[in-house]
Amino acid sequence: MAGIAIKLAKDREAAEGLGSHERAIKYLNQDYETLRNECLEAGALFQDPSFPALPSSLGYKELGPYSSKTRGIEWKRPTEICADPQFIIGGATRTDICQGALGDCWLLAAIASLTLNEEILARVVPPDQSFQENYAGIFHFQFWQYGEWVEVVVDDRLPTKDGELLFVHSAEGSEFWSALLEKAYAKINGCYEALSGGATTEGFEDFTGGIAEWYELRKPPPNLFKIIQKALEKGSLLGCSIDITSAADSEAVTYQKLVKGHAYSVTGAEEVESSGSLQKLIRIRNPWGQVEWTGKWNDNCPSWNTVDPEVRANLTERQEDGEFWMSFSDFLRHYSRLEICNLTPDTLTCDSYKKWKLTKMDGNWRRGSTAGGCRNYPNTFWMNPQYLIKLEEEDEDEEDGERGCTFLVGLIQKHRRRQRKMGEDMHTIGFGIYEVPEELTGQTNIHLGKNFFLTTRARERSDTFINLREVLNRFKLPPGEYVLVPSTFEPHKDGDFCIRVFSEKKADYQAVDDEIEANIEEIDANEEDIDDGFRRLFVQLAGEDAEISAFELQTILRRVLAKRQDIKSDGFSIETCKIMVDMLDEDGSGKLGLKEFYILWTKIQKYQKIYREIDVDRSGTMNSYEMRKALEEAGFKLPCQLHQVIVARFADDELIIDFDNFVRCLVRLETLFKIFKQLDPENTGTIQLNLASWLSFSVL
C-alpha cells in the first residue's frame, strides 16, 4: 500500500512540473545550494554520507572490497592531486575524457559527443562551479532518468592509485569536470562497477532526455539518407564512428585521413546536381583536429567544379574548421555506425527546428499479475500492460513513395544497473504492436484478452528481445488504432519500465485498461421464503442465541470444506470469517441471523462454483493468472494496478490463491464497493472522508 501512495504523490508532483529540467528532483533529497552554504559557513569541505569514500562506492565484485583491483586505493580531493586543479579549462573537449580502469567506454563516448554541443553540455554540467570561488568540496550535475531530470550532488573525493586517478581523467591531469561527472553518474547507478558495459545511446539519453537510435552502416535501411535529413531538421544530435578491431587501432588514421575509434558529428545532408545527376552528400565534423577527409568531395576536390557555383558557395562557405563533405556512398563504405539522438521539444530552444511530438507512459511488470512474458507464453502474454496508440495524421512528405505515420518507440527498463549490487541485471525485453480490430476502435477500456492474441499476428514488433536497458525501433504505419504490448521474454519477472513515443505528427497514446466495475448479484431473501430444511440446519448450527459468530462460522465452514475433494483447503481463517460477518452484519451485533447466514451461504456456494470452473487443470487450487478471470466471473472488472495489489495480498510465494484467500478477496471487494456506493449516491466517482472515517474503513 505504501508503494501506491508514493506513486500517487509522484504523479501529483509531476503534474505540477517537478522533474522538469528547470525543477529537477533532488536526488536523495540533497540540495546543492543548501549543502554548499552549510559547508562554507562551517569552514568545512563536504563529505557525502550517501556515497562515501569507501569500497562500497567502488563496486561489489571485480571492484568489491576484497578485490585485488581495489587494493591500495586512496580517495583524494583534486586539491591533493595537483597544485592548481580546475573544473573546466578553455571549454570541455574530447581530451578531457580519458578512460581509466573501468569498462565504461560507452559512457565516455557519450560524454565526448556531449562536448560537441555547449548548450546541451551546460544542462548536464552546470558551468558555475570551480575549485576557487566558493569552493566547498561539493559539485552537482543533472541527469535524465526515465522521464525525470534529477540533480545529483557529490563530494570531490576521487579514487586514486599511486597518486593517479583510477577512472576517468583528463589528458592534462589538472581538469576534473569529467571525473566528477562520472562519479555523479556512478552514484545514481549505485557504484562505479555498475557502469561497466553498456550502449552509448544509454548515455546519450541520460544526458539529453532524448531518444537515441543507431544504425549499422553495413546494413543501412533504404531510406537512411532521408532519416538523416529529417533528424537534422529536428535539431537531433548525430554522431558517427569507425570501428576499431584492436587497441592499437584506436586513433589510427586511414589513408584518406579518417580517424578510427573517433567520434565525429554529422552536421549536414544535401542532394546536389553534378554532371546531370543528383549526388547525395554528407557533411561531417571532426571537432578535435585539422585531420580532414581527402577523398571525393573534399574541400579541394574537382567534383565541386561540376556543381552550380551558387550551390557550391552555399554549401562550403559556411563550413567550420574540421568540417568536410563526402558522398553518402563513401560515408556508408568508410564509417561503421551512425547514432541519432532525437531531442525532446524542451531541449531545443531554436524555433527553426521541426520538433518531435513526445509522449511518455510509465508501467510495471509484476510477478503473478502483469508479468506475462512474450508471445511464447500464450496463457499469460495477454496479461502484460497494454497501451493504445492512435495515429491520425500522415507525414508531410513521403519516404521512397511510402505514405504513413512515422514514430519511434523506446521501451526502457528502470533502475536495473542500480540493482546489480543485489545480483540483479537487465531483463530481456521487447514489444509488439497490434492493429485494433474494427469492432473495438474508439474504446480504451477493454484490455485485450487471450483469444485475441491467439488469433492475431503482430503488425510490427521490436527487432529483437535483448537484455539492454532500452529496446528502440522506428516504424511507419497507416493512420489507425494500435495496441502496444511491452513484455519481458520470460514471464514472472518483476520490473518497472517507461515507454516513450516520438512521432512526426500529433498522436494520442494512453494505457488500455478495464474500467472499474462491480456487477454484484443481489440476493433477495425474506425469512418467510427460506425453506424448512435450511431453518433446521441454522438452528442446529446457531445454538441457543440463534445467531452465528465468526468463530462458530469458522467451525461450520471447516467441516463443509473437509468433505470436498475438488477444492484443496485447510479451512477458513478467523480473519476471513470475521470479514464475512462484517459484510452482512447490518445490526452491528457481530453475528449473523438466519437471513444473513442464508445470504452468506448462497454466496459461498457461488464462490465454490467459480473456483471449480476456473481451476481447469483440476489441481484444487487457483494460480494468480487465473484470478483475473475468476474476478470477472464474480462480477468485478479491475485495472492492472489493482490486480497487482490483489496478487501481492492474496497469493502465496508460488503464486497460488487458495479458496480461503479467494473468498476473502471477493468479500473484501464487495464490502468496499458497497461502502463507496453508499457514500456516493449520485455516482460521481468521488467521495470525501475525514481521517477518522478513513481509518475506520481501512481497518476492515
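Here the Cβ of each residue, glycine as well, is placed from N, Cα and C on the backbone.
Some features that Swiss-Prot has for this protein:
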| type | residues | note |
| --- | --- | --- |
| BINDING | Gln229, Lys230 | Ca(2+) 2 binding site |
| BINDING | Glu292, Asp299, Gln319, Glu323 | Ca(2+) 4 binding site |
| BINDING | Ala542, Asp545, Glu547, Glu552 | Ca(2+) 5 binding site |
| BINDING | Asp658, Asn661 | Ca(2+) 1 binding site |
| MOD_RES | Ala2 | N-acetylalanine |
| REGION | 345-514 | region 'Domain III' |
| REGION | 515-529 | region 'Linker' |
| REGION | 530-700 | region 'Domain IV' |
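Swiss-Prot feature annotations superimposed on the structure.
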{"residue": "Gln229", "record": "Ca(2+) 2 binding site", "Cβ within 10 Å": "18"}
{"residue": "Lys230", "record": "Ca(2+) 2 binding site", "Cβ within 10 Å": "21"}
{"residue": "Glu292", "record": "Ca(2+) 4 binding site", "Cβ within 10 Å": "19"}
{"residue": "Asp299", "record": "Ca(2+) 4 binding site", "Cβ within 10 Å": "13"}
{"residue": "Glu323", "record": "Ca(2+) 4 binding site", "Cβ within 10 Å": "19"}
{"residue": "Ala542", "record": "Ca(2+) 5 binding site", "Cβ within 10 Å": "19"}
{"residue": "Asp545", "record": "Ca(2+) 5 binding site", "Cβ within 10 Å": "11"}
{"residue": "Glu547", "record": "Ca(2+) 5 binding site", "Cβ within 10 Å": "20"}
{"residue": "Glu552", "record": "Ca(2+) 5 binding site", "Cβ within 10 Å": "18"}
{"residue": "Asn661", "record": "Ca(2+) 1 binding site", "Cβ within 10 Å": "21"}
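For Glu552 (Ca(2+) 5 binding site), the spatially nearest entry among the binding-site residues Gln229, Asp658, Asn661 is Asn661, judged by CA separation. Secondary structure by DSSP for the region 'Linker' (515-529): 3 helix, 2 strand, 10 coil.
For Asp658 (Ca(2+) 1 binding site), other Cβ atoms within 10 Å of its Cβ number 19. Rounded to a whole number, the distance between the Cα atoms of Glu323 (Ca(2+) 4 binding site) and Glu547 (Ca(2+) 5 binding site) is 91 Å. Note: the Cα of Glu292 (Ca(2+) 4 binding site) and the Cα of Ala542 (Ca(2+) 5 binding site) are spaced 96 Å from each other. Reduced to three states, the DSSP call for Glu323 (Ca(2+) 4 binding site) is strand.
Note on proximity: of the binding-site residues Gln229, Lys230, Glu323, Asp658, Asn661, the one nearest Ala542 (Ca(2+) 5 binding site) is Asn661, by Cα distance. Each residue contributes its Cα atom, and for Glu323 (Ca(2+) 4 binding site) and Asp545 (Ca(2+) 5 binding site) these two points are 96 Å apart. Sequence-ordered, the extra residues of this chain that approach the Ca(2+) 5 site, with Cβ no more than 8 Å from the Cβ center of Ala542, Asp545, Glu547, Glu552, are Leu541, Gly543, Glu544, Ala546, Ile548, Ser549, Lys591, Leu592.
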